[in-house]
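Residues annotated as domain 'Phosphagen kinase C-terminal' in Swiss-Prot, with sequence analysis given as evidence: 12-240. What Swiss-Prot records for 15-19, 162-166, 193-198 is ATP binding site, and it gives sequence analysis as the kind of evidence.
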């Protein structure tokens, strides 16, 4: 079980994720490595991981060996893996305890990422930083005293740190405040985007808050900024909830319980409709309106109903109608237990 799925409380914040990117001194960037150079890189890095006792703690997945289905599974895990520019030579190390993931030859030579529940950016970064220090004792990174960590993508230059918070903002979304907030945050070097989309429309009310800048700020500055912004978003969402009129609250409660009834009894449902109703159900749990469910159940449902997840559990790829039926079955089983 991935750790973030089990939250500590009924938090608006679902999970925090940190990823750092590193390149090895004296080796070409990932995009221009040939096969022999990649094998040399792999031998060096895996040898290092064995020395510092990482390798035995991980499952090692090689995409070139035809294990794309396993990667599809993680693509649905709130974007644990998103970009595969070098699919043939991508190596994925998944910690057996779900504490961290390491990607070799993805965006850069090494990518280390960790996700945990709630607003826990500092704790997540601490885990990654400790692991990074162990690796750096054995491998010399590409580093410049003025520019910081050197990367093939200029957007990652500097700290080469990407921090993200996944947050549930149904009231801000329904009151059409998200677009205004997105534009304001962009001015502060922060991106706010929906993790689920249908065309140009946000779906599911789950948003990713992430840093844009990696250069000219320390790791601490980046994390502190993101935590501060997230706390402001939490406060704004709570204010929307607290300031509902009596009639608005009654309607919201009715919408929440209707959504729960539909999901517990549906036979066939598409992804967007399911995410819409699951957002209502999650809100119901957060507000204490729904007492016989946990956020763990809702989080699990949101992940398990994604197309790649359903296909991953099937022997062969299933058609759209069968996908809808299987999705409804997953939701019924998850929300009725």
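Note that Cβ sites are derived from N, Cα and C of the backbone, with glycine treated the same way.
Note that the structure is predicted; figures quoted are calculated from it, not measured.
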If you draw a 10 Å sphere around the Cβ of residue 17 (ATP binding site), how many other Cβ atoms fall inside it, taking every protein chain shown into account? 23
Could you check what DSSP calls residue 195 (ATP binding site) once collapsed to helix, strand or coil? coil
Long-range Cβ environment of residue 163 (ATP binding site), under 8 Å and at least 6 residues apart: 16, 17, 18, 19, 121, 125, 210, 211, 222, 223, 226
I need the least crowded one of these binding-site residues (19, 193), counting other C-beta atoms within 10 angstroms of each C-beta. 193
Which has the fewest other CB atoms in a 10 Å radius around its CB: 165, 195, the listed binding-site residues? 195
Other C-beta atoms that fall within 10 angstroms of the C-beta of residue 15 (ATP binding site): 26
Taking the Cβ of residue 197 (ATP binding site) as reference, which residues of that chain separated by at least 6 in sequence fall under 8 Å from it? 203
Helix, strand or coil for residue 19 (ATP binding site)? Use DSSP. strand
Would you report the average pLDDT that the model assigns to the domain 'Phosphagen kinase C-terminal' (12-240)? 88
In DSSP terms, helix, strand or coil for residue 165 (ATP binding site)? strand
